[in-house]
Amino acid sequence: MDKLPKWADVALIPLINLILALIVSGLVVALIGQDPFEALAIMVNGAVGSTYGWGYTLFYATNFIFTGLAVAIAFHARLFNIGGEGQAQLGSLGVALVCLMVPWPHWLIALPVAILGGGLFGAAWAAIPAYLQATRGSHIVITTIMFNFIASALLVYLLVSALKAPGMAPESARFVEGSHLPTAREVLGAIGIDFARTPMNVSFIVALLACWGLWLLLWRTRLGYEIRAFGHSDKAAVYAGINPVRITMITMLISGALAGLMAINAVMGEQERLLQDNVLGAGFVGIAVALMGRSHPVGVFIAAVLFGALYQGGAELEFETSIPREMIVVIQALVILFTGALDGMVRSPLEKAFLRFRRQPDKPGVPAE
Amino acid sequence: MTAPAIELKGISKSFGPVQANKDIAIRVMPGTIHGIIGENGAGKSTLMSILYGFYKADKGEIFIRGERTEIPDSQAAIRAGIGMVFQHFKLVQNFTVLENIVLGAEDGALLKGSLSKARTLLKQLSEEYELHVDPDAKIEDLGVGMQQRVEILKALYRRADILILDEPTGVLTPAEADHLFRILEGLKREGKTIILITHKLREIMETTDTVSVMRRGEMTATVKTAETTPQELAELMVGREVLLRVDKQAATPGETVLNVENLQVVDGSGVERLRGISLNVKRGEILGICGVAGNGQSELLEVLGGMRPGKGRVTVNGQELDLTGAESDARTRRRRGIAHVPEDRQEEGLIMDFFAWENVAFGYHDDARYQRGVMMNNDAIREDAEAKIAKFDVRPANCWLKAKNFSGGNQQKIVIARELERNPDLLLVGQPTRGVDIGAIEFIHEQIVALRDAGKAVLLVSVELDEILSLSDRIAVIFDGRIMGERLPSETDERELGLLMAGITDTDKDHSVDEIEENLAHATGKAG
């Protein structure tokens, strides 16, 4: 018997975690002499109170969906890929090369190639740690995080040398006109809906497709079956004739590719040039998103939207109050801490509560088997 | 009349909706050996865990020597004079015997005093009860029988006068088990009270004074051992009449299916696990491999099942198997008509978090009939799963239940159904009934015999001598990575097999228990 009903596992626990995080955040805000309820109102209103808010929220969410899915698929194979940050940076390099090299006539042609470029570069960056893990046993947590630094340094190097545009800033030239992805304002404007000017763009649809695709992969294909089996027990996988090296490699390649896809939203969709730091911690937020979303694509989507709202609301809070930027980072960190890392704190008391609730004193017990 | 050493009244304990113990009452008189027998999952271990303070009972009272006692943790149990010897020893491998005995019961921060005190006591105990152990030996150098003695000494050092032993003979050879029972007799004579938990009827009949039978969380009977029979106890355990022997016709072996020549396996840390094994299994025959756990039988199954590389020559139906290369994986073995029921169904045979239907495809998930284009045909798998669940009477018959939510016996039935329904030429089967209740044991044995009767070859590995003797058509004894000899079940007995399992081939001679144990310690020290 599972200890918790499914709805409690997927909905109640994250909700309690979120509320706890908000309470602690409220205390922190109160401690620095601000009104926590007002702060909350500003955040909620800023995130979802207007099309402007929604646009930014979903723009951030798109980033988090890609990095969240990247962590989620690795989790299914019991691999902890915390290199989403570096893989996304390499992805941005791939996307930028695609968008700089060819004079694209139309975004519909540029986008698939950019997806390929971002995915390939991200996957390649994950391939080395994956290979070391699968054949040499070098722990993937260590190697992927070290690769984040290498990726960052590599990007800086390229932006001050080969890819540098004329001028002072370490950034690439602007992408060609034909690689411009339609924004939500442009798309919705075409059908007569007024939407504020935000960086939200068609990459959001790609992210939704990625969620659906990952769900299909994990629960409807042989590869997904093997990934999940390997993640549950590697001994059993060997018994079933599943090659652990192959599964580790493939899973990490997909994971890296998903992280790399983030660049089509952030780099191709918004910045339209390659900047030095274009990931801005989204790789790490992906870990929290995957944890909160229980590594399920639907959960990842919901968690990503929540974190997107948190980012956008936090930015509004900084803009409208005297709450310093650092405090907003603290609030975001608290949410990550409670929803991601402190899951067990809520889980075990809740399980006990459910056990007590279920035990009907006069109901005859099911015999122990 | 003296007060009982232990009296439990109305003990109930449930885990969620599962009632593990239901209104249990039991009285154990001092200076007796009291057996508790029941199928796996009957609630024996839960009851003892309550007595030892690992679980808290939902209801009920515990009386120790007539006094009502609360046992909130194991420290309290030790203070009340209760000692427990677990099925899986809790010893520090690289500590000496003496250090292990003192561990957790030191007198102060400095060890010297406790150690010399323990040494004196140990000497005294070993003289009194035949509990000979070298106090300065490291645990990792001792055989399992010796390690168990250290566990008993640990309890006695903590002044236990009530000793609980949980399935103590599971890892012992018959000779070691006999020695253990002599030790228990000695302890009983000194007035200690012993509770013996087991599912082996023979041990109950030979050693206990009284026996309580548990079934499905309830205490169904407590009887004097002298006034009962194994048949009666078995019925009380299962709730119906059971066959204690497998009903089978004589084998009619055909041509050789599996032929193994000079098979060698070296494990990851460079230890030789198989040192040149040769054997064969014919159509319509069950070859039983018996041996003390850790002597290479697991590696034999794994290398044949494609789970680890080996060296040597293995043919199936005359075709040689690839033992190291790209074709040495389990997938290729299945295509060659080899099915494998692994020794450890929870770690290997099943994915505990997968649904029953997903597990029915496990290992065969790339079968053409489970595919629909690039996708898996989950409908086809579920249909197949439902048929297998019905045919093998898996309970509950719900393919949407996760493997972990089935009992041990029903989990095993899922594995057996999956592997046997492939109609393999060769079945590798390890510990088919470990942790399986009697009702399911009967069923599983019948299925294995039916496969044999259908003209298939079966290689059976089991640490249960009874199982080997009743199922096999031929028996090979493995010791320290070598086959010590082959016997026919009709021409051998447990004593002879036991000696072979201890590596002694001149089985006609009389051997002292110490000699056997020395041999075994050598073997298990190397293998384990």
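Just so you know, glycine gets a Cβ as well, placed from its N, Cα and C.
Because TrEMBL annotations are produced automatically, they should be read as predictions rather than curated entries.
It should be emphasised that the depicted structure is a prediction, and the values quoted were computed from it without experimental measurement.
Quick look at what TrEMBL annotates:
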{"type": "TRANSMEM", "residues": "A:12-33", "note": "transmembrane segment"}
{"type": "TRANSMEM", "residues": "A:53-75", "note": "transmembrane segment"}
{"type": "TRANSMEM", "residues": "A:110-128", "note": "transmembrane segment"}
{"type": "TRANSMEM", "residues": "A:140-160", "note": "transmembrane segment"}
{"type": "TRANSMEM", "residues": "A:202-219", "note": "transmembrane segment"}
{"type": "TRANSMEM", "residues": "A:247-268", "note": "transmembrane segment"}
{"type": "TRANSMEM", "residues": "A:274-291", "note": "transmembrane segment"}
{"type": "TRANSMEM", "residues": "A:298-315", "note": "transmembrane segment"}
{"type": "TRANSMEM", "residues": "A:327-346", "note": "transmembrane segment"}
Selection from A:53-75, A:140-160, A:247-268, A:274-291, A:327-346, the stretch that has most Cβ pairs under 8 A to the transmembrane segment (A:110-128): A:247-268
Same-chain residue ranges lying at least 6 outside the transmembrane segment (A:274-291) that approach it to Cβ under 8 Å: 60, 63-72, 75, 82-89, 92-93, 96, 100, 148, 152, 155-156, 159, 163, 170-172, 259, 262-263, 266-267, 300, 303-304, 307, 335-336, 339-341, 343
The transmembrane segment (A:327-346) touching the transmembrane segment (A:202-219) per 3+ Cβ pairs under 8 Å rule: no
Residue numbers, six or more beyond the limits of the transmembrane segment (A:298-315), whose CB comes under 8 Å of its CB atoms: 10, 14, 18, 42-44, 46-48, 53, 56-65, 68-69, 72, 208, 211, 215, 285, 288-290, 292, 328-329, 331-332, 335, 339
Same-chain residues near the transmembrane segment (A:53-75), Cβ under 8 Å, at least 6 residues beyond its ends: 45-47, 81-82, 84, 87-88, 122, 184-185, 195-201, 203-204, 207-208, 210-211, 214, 217-218, 227, 231, 251-252, 254-259, 261-262, 265-266, 269-270, 282-283, 285-287, 289-291, 293, 295-297, 300-301, 303-305, 307-309, 311-313, 315-316
